Amino acid sequence: MSTTAIAGPVTKAATGATPPKKRAVPYRTISWIVPALLLLAWELLARSGVIAPEVLPAPSSVGTTAWHLTETGELPHHLWESLQRAAIGLAVGAGVGLVLGVLTGFSKLAEAIVDRNIQIVRAIPFLAILPLVMVWFGVGESGRYFLVALGTMFPIYLNTVLGIRQVDPRLLEMGRVAGLSRINLVRAAILPGALPSILLGLRLALTNAWLALVIAETVGAPAGIGFMATNAREFLQTDVIVLVIVLYALIGLTTDLIARGLERRLLAWHPNYAPSGGRK
Amino acid sequence: MSTVLAEKITRRYGDRTVLHELDLAIERGEFVALLGKSGCGKTTLLRALAGLDPVDGGTLEVPQRRTVVFQEHRLLPWWKVWRNVAIGLPRATARAKAQSALEEVGLADHADAWPVTLSGGEAQRVALARALVREPELLLLDEPFAALDALTRIKMHGLVRDLTRRHRPAVLLVTHDVDEAILLADRVLTMREGRIAAVHEVSAGARERGSAPFAALRGTLLGELGVTE
């Protein structure tokens with residue numbers, strides 16, 4: 001009993017004494033080599049015929065398809081359609097989420113009016129209302145915007161409210177002592193304090209935006225990469241289907257990178273986000 | 001005409017009376033230290049003077065221009081040091097004023113640093129610059145040195161003494177540290193049960209740490225606080 005009681009503080013002191021050093025394992029190298037090897041294995045298995053091309057085409061043939069579709073202009077066209085949809089839906093959803101979040105964060109009355117409704121609606125997986133959306137909007141563009149907006153609104157709303165709640169009240173008090181007006185207090189202390197949380201909300205929203213798009217575009221869209229995939233399914237073009245899946249992944253990665261870049265830029269003051277902070 | 005004039009101010013939290021018909025006057029340029037056990041109401045009094053908490057009774061006159069240095073530096077981490085100092089100032093002169101205030105606390109070359117990069121003592125000096133840049137008539141110090149190490153604290157005492165002599169605001173220092181109170185203040189008050197229990201003028205001789213008057217006053221104050229050495 002007594003040994004465990006002593007062991008706690010001792011180990012703590014020991015780890016505190018030696019600063020956490022990077023281990024000798026080349027993390028970065030290994031973390032990239034393994035997926036590269038898996039890709040190579042896939043290529044070899046596909047070429048040797050172990051995996052039939054109708055099941056899973058070789059990465060190289062997906063690459064060729066991508067090149068071919070880019071040359072014909074088909075891929076850029078569909079990609080552009082999808083990006084546009086995502087951007088419009090996200091702009092609407094993030095805008096509404098941010099405004100509602102700020103209102104709820106500041107005003108008890110707004111919270112009383114808004115919050116419970118949002119919590120109730122949020123309990124519904126947003127993709128579950130797809131049939132209803134189709135009844136409301138038909139197969140036009142607005143339904144797809146609506147679905148993306150719905151998927152992006154909640155994470156932004158929740159994280160904005162959370163961020164505003166988490167602002168250090170002692171800083172607000174200091175602002176009052178310094179004679180800041182309410183507006184200036186919001187600008188100087190509250191929004192910057194809530195920003196890490198809001199940006200996290202944005203990243204979650206981006207994930208939802210693509211999810212919404214995948215579903216929305218496979219149902220009756222006249223263009224877009226989701227439409228490409230649906231079309232390819234009709235003709236058993238597995239290479240195009242895989243290409244679309246890869247595209248979704250690339251888009252997800254790119255938007256996440258952009259969001260992270262935004263974090264690094266806007267949160268340069270924050271020790272956890274600073275470029276020199278040594279984190280990934 | 002006193003800078004601060006409190007007459008019979010009362011503050012209650014539920015059934016508890018924290019300030020009980022308390023009287024206090026501070027003149028311009030006067031440095032007053034307030035000692036008392038935890039929970040005796042000294043922070044409540046400071047917050048009332050700062051306008052952060054209301055009083056339930058009595059009259060309280062405080063100047064418009066007043067600032068607080070808290071125990072924590074309370075710098076906005078997303079603003080560089082100079083903007084923290086200039087917070088709430090008109091934009092046109094903000095930078096210049098912040099710069100000269102930072103010079104006064106010896107941190108002129110940290111103007112463009114992020115607050116997280118500062119040591120505890122440096123951050124507290126920035127907080128002091130932020131308070132002084134407003135040219136306050138009343139400077140409220142809420143245990144501003146409590147979280148600093150002993151060496152930094154000694155340096156801060158010297159700095160605060162110099163700065164308050166130069167700018168001559170009325171100062172109220174709330175502290176737990178009897179030595180600090182004697183070294184810095186013109187007048188030391190002890191507080192008990194929501195009232196000022198005793199007032200001691202500090203003679204020039206008593207400010208010598210280790211002198212006989214210092215030891216005598218220290219003994220008296222500790223006695224009033226119910227501490228025996």
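These residue numbers are counts, starting from 1, taken along the chain as shown.
Cβ from N, Cα, C; glycine included.
Nobody curates TrEMBL annotations by hand; they come from automatic prediction.
TrEMBL has this to say about the protein:
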DOMAIN    A:79-259  domain 'ABC transmembrane type-1'
REGION    A:1-21  region 'Disordered'
TRANSMEM  A:30-52  transmembrane segment
TRANSMEM  A:86-107  transmembrane segment
TRANSMEM  A:119-139  transmembrane segment
TRANSMEM  A:145-164  transmembrane segment
TRANSMEM  A:185-204  transmembrane segment
TRANSMEM  A:210-228  transmembrane segment
TRANSMEM  A:240-259  transmembrane segment
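Under the criterion of 3 or more C-beta pairs below 8 Å, with sequence separation of 6 or more, the transmembrane segment (A:119-139) and the transmembrane segment (A:185-204) do not qualify as touching, having fewer than 3 such pairs. The listed stretches are A:86-107, A:185-204, A:210-228; of these, A:86-107 has the most Cβ pairs under 8 Å to the transmembrane segment (A:145-164). Long-range contacts of the transmembrane segment (A:210-228) within the same chain, counting only residues at least 6 positions beyond its ends with a Cβ under 8 Å from a Cβ of the stretch, are 74-75, 77-79, 81-82, 85-86, 89, 126-127, 130, 134, 139, 143-144, 147-148, 150-152, 240, 244, 247-248, 251-252, 255.
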